[in-house]
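Participant: Grabbed the feature section from TrEMBL, which reads as follows:
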- 49-68: transmembrane segment (TRANSMEM)
- 51-178: domain 'EamA' (DOMAIN)
- 74-94: transmembrane segment (TRANSMEM)
- 106-131: transmembrane segment (TRANSMEM)
- 137-156: transmembrane segment (TRANSMEM)
- 163-179: transmembrane segment (TRANSMEM)
- 185-206: transmembrane segment (TRANSMEM)
- 188-329: domain 'EamA' (DOMAIN)
- 218-241: transmembrane segment (TRANSMEM)
- 256-276: transmembrane segment (TRANSMEM)
- 288-307: transmembrane segment (TRANSMEM)
- 313-333: transmembrane segment (TRANSMEM)
Amino acid sequence: MSVHLCATSKKPVRVDPIIAADASFDNGGSLTSVAAIMKPDRPAKRLQFLSDLMLLGVAIVWGSSYGVVKEALAVYPVLALLALRFGITFVLLSPALRHLRHADAATLRGVLGVGGLLLGIFLAETFGVLLTRASNAAFLISLCVVLTPLVEWVLLARRPGRVEWMAVAVSLGGAWLLAGDGALAFNSGDALILVAAVLRALNVCVTKRVMRNSSMPALSITAVQSGVVAAGSAVVALVFAPTQLRHVPTLAGHGLFWGSVIYLVLACTLFAFFAQNFAIGRSSPTRVSLLMGSEPAFGALFASVWLGEAVSASGWIGGAMIVAASLMATVPWRSALADRRRASGAQA
């Protein structure tokens, strides 16, 4: 969508809030930023609120996914489960691939690139968890919250605000407490989790750039990502671990396994990746990462309630800090304070 603005025009101008956020004014008054003088309209605010709620929903379902995956892995190996999970997702989303016909070569490269990043994330995370303690993994994967503002600054030339940096620090401290009083013994599994954290930060920023430079629907991107992960997992298994490719368990006698697969497909994949891609197109990568950073807190809560795992007092404090960091990043504090001052002035 193109926007034409004139600094001397007296007519009200409607500007898309996403486009406005990328503009700025120079000292001569020429339009280069309208974010400071124009507010997003109500529909845009509703979409922002909806995307924030969806991301919190993603954090909840991903936090619950660890126990579900653990149940499924007792029946089916890692690479085969990844291929099955994302293969089913790809088939369900295949109608959305029709939009690829209208995409140019650069967009196709970008979409395939984010699919490759997602494959790397799942491979590094899954094998990393097998080789390290869960507390180490929870802390290290949360480093993506710290890395995303840096990657966003480099790739998208957007410098995160002061409140976002504060939220990053609070989230990091909370993850440190939640992980088990900061006890870390670095090993090969930790290295893989750290790689996954870097890839997560890259994935959010690269997806943002792809969606900003094209009109590709979020469902189409999710479909391509699913296809790349399914095919990539199968290829890795064929080349490096052919014994992991086994016959799919029958429905009879494996109801819990198939229930886990259905939950992983519908909630943790279809909903989660669509919601993430939807939100990335309407928000900054740092904001998205901070909301997703609340995943360890929900994971600890789920593990305590459903799996009966003990969470220490410091762990609960850490979880509360992560949730607080998400609120710091999402609540428009400056706008709320300005509105309160205006309301107080009007009453006076």
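Just so you know, glycine gets a Cβ as well, placed from its N, Cα and C.
Nobody curates TrEMBL annotations by hand; they come from automatic prediction.
Remember, predicted model here, so these are calculated numbers, not experimental data.
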Participant: At a C-beta cut-off of under 8 Å, are there same-chain residues at least 6 beyond the transmembrane segment (106-131) that contact it? List them, or none.
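Facilitator: Result: 78, 82, 100, 137, 141, 187-193, 195-196, 199-200, 202-203, 206-207, 209-210, 213-214, 216, 220-221, 224-225, 227-229, 232-233, 236, 273.
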Participant: Is the transmembrane segment (74-94) packed against any residues at least 6 beyond its ends, judged by a Cβ distance under 8 Å, and which are they?
Facilitator: 122-123, 126-127, 130, 219, 222-223, 226-227, 229-231, 233-234, 236-237, 241, 243-246, 248-249, 254, 257, 261, 264-265, 269-270
Participant: Please work out the mean pLDDT for the residues of the domain 'EamA' (188-329).
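Facilitator: Taking every residue of the domain 'EamA' (188-329) together, the mean pLDDT is 83.
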Participant: Could you count the residues of the domain 'EamA' (188-329) that DSSP puts in helix, in strand and in coil?
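Facilitator: Each residue of the domain 'EamA' (188-329) counted once, the result is 113 helix, 0 strand, 29 coil.
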